[in-house]
Amino acid sequence: MQSTAFTLSPTLPLHTNPNRFRRSLNLRLSAAKSNNNDGGVNHNGLSSSSSSSSFTRQSWSMSPSSSSFKFRPLPLVPTSDLSPPQATSVPESAGDSSAESSSLLKTLQLGSLFGLWYLFNIYFNIYNKQVLKACHFPVTVTVVQFAVGTVLVTFMWALNLYKRPKITGAMLAAIFPLAIVHTLGNLFTNMSLGKVAVSFTHTIKAMEPFFSVILSAMFLGERPTPWVIGSLVPIVGGVALASITEASFNWAGFASAMASNVTNQSRNVLSKKVMVKQEESLDNITLFSIITIMSFFLLAPAAIFMEGVKFTPAYLQSAGLDVRQVYTRSLLAALCFHAYQQVSYMILQRVSPV
């Protein structure tokens, strides 16, 4: 199929009167019929000469105000030149590089979380030991730390800094054992810090991987590899050697630190189990927030019953303590306590307890 190039004469007026053109055409048709006997008539009753002359003699002029223009059809493109679009292939190296960069980013995030965990834990131990040396009431100190965490969680939910969860009775029933072991674990840690040196308490707490492997096998079904079991041998031997040669050793501090190992690792394993089962509704921040609030309400009555109200300004002044200094260091210890515990839950959601 070919296309015919055509041009529109620049003298064509845009305002041609259609009635005038129709009357002129009718007059030429009637004249052609009257000359029918002259010969050379075409199939429409018009002679070839008259029809051609009649149309060529018609002059259409464009008004001066109109702009001259010309329409030209686009040339036809051969069908052989029309090829379907080709799909561009993505090199495999691009996908591998993106996967490697994503894996590297996750590794860096995990390493940063471990660094923050150690940093907050160090400052917590320093300030917490100072408070426990001035105020020998570990249950009250632990309640203060849970109270500060409860205030932070309430403030976070009230200002919508984090989405407030919809808590059901089934959730509370599943979290309640975690709150108990969480409360006992931190209470035993403070009791040990009040009895022995900070370094010795954390030397004993180096046994946590040992209990983590045992409890993970019991509750999560994770069987340790021979390499993991082999790495526990120097840990257990080192703790035993340090306990024998420790100058500040006493059985109360040792037993409290070991009880803290068992309860804290029980909390980690059970928390991992809850986060896996109810991953959509309970993330690490929500789970730790609920545990913190429940621990405060569990331990506050016990602190009043066991030690009384020992953290008032009047009592601290009567004991010859600087109230402002005790409150400041208690607040810093509580903030670092909440921060390192929260970071530990963020790590726990990414890796196994072991």
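Glycine is treated like the rest: Cβ placed from N, Cα and C.
Note that the coordinates shown come from a computational prediction; the quantities given were computed from them, not determined experimentally.
Which of 74-94, 200-220 counts as transmembrane segment depends on TrEMBL, and there it is 200-220. At the 8 Å Cβ cutoff, the transmembrane segment (139-162) and the transmembrane segment (108-127) share fewer than 3 close pairs (sequence separation 6 or more) and do not count as touching. Only residues 6 or more beyond the boundaries of the transmembrane segment (169-188), in the same chain, are considered here, and those with a CB under 8 A from a CB of the stretch are 138-139, 142, 145-146, 256-257, 259-260, 263-264, 266-267, 270-271, 274, 277-278, 281-282, 287, 290-292, 294-295, 298-299, 337. Using a Cβ-Cβ cut-off under 8 Å and counting only residues 6 or more beyond its ends in the same chain, the transmembrane segment (108-127) has close neighbours at 193, 198, 202, 329-330, 332-333, 336-337, 339-340, 343-344, 346-347, 350-351. The predicted model assigns the domain 'Sugar phosphate transporter' (108-354) a mean pLDDT of 85.
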